[in-house]
Amino acid sequence: MAGITGVMNMKLAARPSSGRHSRGCRPAVVPSAGKQMLLVRRHPPGSASWPTRATGGGGGGVPAGATAADSSGQAKEEEEEDRASRNTSSFEPSIWGDFFLTYSSPLATSSAQKARMVHRAEQLKKQVAKLIAASGACSLYHRIHLVDALERLCLDYLFEDEINDMVTQIHNVDVSGCDLQTVAMWFYLLRNHGYRVSSDVVFAKFRDEQGGFAANNPRDLLNLYNAACLRTHGETILDEAASFTSKCLKSLAPYTYMEASLASEIKRALEIPLPRSVRIYGAKSRIAEYGNQTEANELVLELAKLNYNLVQLQHQEELKIITRWWNDLELQTRLSFARDRVVECYFWMVGVYFEPSYSRARVILSKVLAIVSLLDDTYDVYGTSQECELFTKCIESWDPAATGGRLPGNMKFIFAKILDTCQSFEDELAPDEKYRMHYLKTFIIDLVRAYNEEVKWREQGYVPATVEEHLQVSARSGGCHLLSCTSFVGMGDVADQEAFEWVRGVPKIVKALCIILRLSDDLKSYEREKMSSHVASTMESCMKEHQVPLEVARVKIQETIDETWKDFNEEWLNLNTNSHLPRELLERIFNLTRTMVYIYQQDDAYTNCHVIKDTINSLFVEPVSIT
């Protein structure tokens, strides 16, 4: 679609022209007003009861001489008086409530039990490290398959140096005499690790005169399909491979005649291709599938199970921290118009980094996402146009005294909580890390400016004339700029000031992330949102720009998403080969993109959180059976 290149050159905090408001679409991170919740409160599998969140909130906030009930009642009375003149939301209460405050895993019955798990995992790590070292004498296919298995099982972070050495060796292998399955896996592995390998050179010999490929079985098709999803602009052979393999894989349905694990892989890949999937969300399924493979290694399998359970215990402790923080803010007792989704926020951000070493970064990022969600609902549901304008100016000032008597009590309350939360981040950072907060605040301010623009659009019923104009603001209001920056804030020394300056400039890979998310969200949500009052989406701008009906606009938007993925892949390769940024940082951006794809592939699983309830339960509650 023409015009998107202009968006790729947008700058942070570039204010839209005041004469014609440049679109302020709902953030991609969270949905807009008018979205109807399909949520049903359900008990988790295997539990006898399900806790609801206590209405009294966490500690603090009760004046001397008053009871928690008095404070809660007063807040409720003030809210009810205010609510009559405002929009209302239909968001359901949290599914999870305080569940993780009291949940005790069957794996954590004693410190001795956990110590035994850790000890056994350390033994297995040493044995698997020897296995990796010995694989250098094995076939290329065997080495690729081993690395692929370790990555799918979320074990690669335990063997980072060993895997990097092996990938370097694999890169130097001549694959001209290999079969399609091996070549496709080789290409996928190297592209995924940031190596710019030629597609024409390795895949040309597998093409036929009809434009197809010499794929002899479903596994060949699947591997070629995954490889093709890492294509960049101008790679015609991979465009053809993607089209060919997609059609062939779909034609194989219902897959009843093939191995169950392969059938599951194909179904998942057609929903979300492997390079765009969130590994930790599907790790438990892949552990089970790996265990059913004839070439599975028992040491790798046992380590995968133990490591999954140990990581799960770490995540459970962090969920206690997150839930307690959310309760202590007392947001759910005063702000009934907003979504209570703190567990879903944490689930989302675990996809950005699941590894135990990123605990501080993960907790900070989850809290910021919860704040983003609250801000979105404040602009989208609660505030009037005038109030949102004042609220934006208050946040721009970053001064608690700026609220004066002009803002509603709830907006003052929210502003104070944002300041308190950011101060807590700063207190947690080391002296030589505190500069990071400047970048975080800058992106929060830019986000609320974009939110404020969308309020103006909604009030005016304005539809941007082009998709490019729309994205000048809606790509910013998606929150991905802020989350990209925040993903660095809690990391270690690897995130230096050069990295923050890089992300402050909103590099092309982050812009591509923002566009992919905005368009994917609008593509999924248009039919639902048009039934209620909402901010114009990119779908409407596309129809207006090209004077086409809805179905044609859908095709154009999908084409733009596909082309933007090529931009993303190109930048992934450029940054891995031509920049000084550590891959550890670049992975945060790629993983953030993957989580966005997952959430919006599910038709906004953040708001419609029943969609991911079972996945959350599987990831954070149910351990993997070791036997």
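Using N, Cα and C of the backbone, Cβ positions are placed for all residues, glycine too.
As the structure is a computational prediction, the values presented were derived from the model and not from experiment.
Positions annotated as transit peptide by Swiss-Prot, on the basis of sequence analysis: 1-53.
For D376, D380, the entry in Swiss-Prot reads Mg(2+) 2 binding site. Within 10 Å of the C-beta of D380 (Mg(2+) 2 binding site) there are 27 other C-beta atoms, taking all protein chains into account.
Taking the motif 'DDXXD motif' (376-380) as a whole, pLDDT averages 94 in the prediction. Annotated motif 'DDXXD motif' per Swiss-Prot: 376-380, in sequence order, evidence recorded as a curator's inference.
Under the DSSP three-state reduction, D380 (Mg(2+) 2 binding site) is assigned to helix. Annotation comment: Swiss-Prot describes D376, D380 as Mg(2+) 1 binding site.
The Mg(2+) 3 binding site annotation in Swiss-Prot covers D521, S525, E529. When secondary structure is read from DSSP and collapsed to three states, D521 (Mg(2+) 3 binding site) falls in the helix class.
Note: the Cα of D376 (Mg(2+) 2 binding site) and the Cα of D521 (Mg(2+) 3 binding site) are spaced 15 Å from each other. If you measure from the Cα atom of D380 (Mg(2+) 2 binding site) to that of D521 (Mg(2+) 3 binding site), you get 16 Å.
In the shown protein chains, 26 other C-beta atoms lie within 10 A of the C-beta of D376 (Mg(2+) 2 binding site).
Here the binding-site residues are D521, S525, and the one whose Cβ sees the fewest other Cβ atoms within 10 Å is S525.
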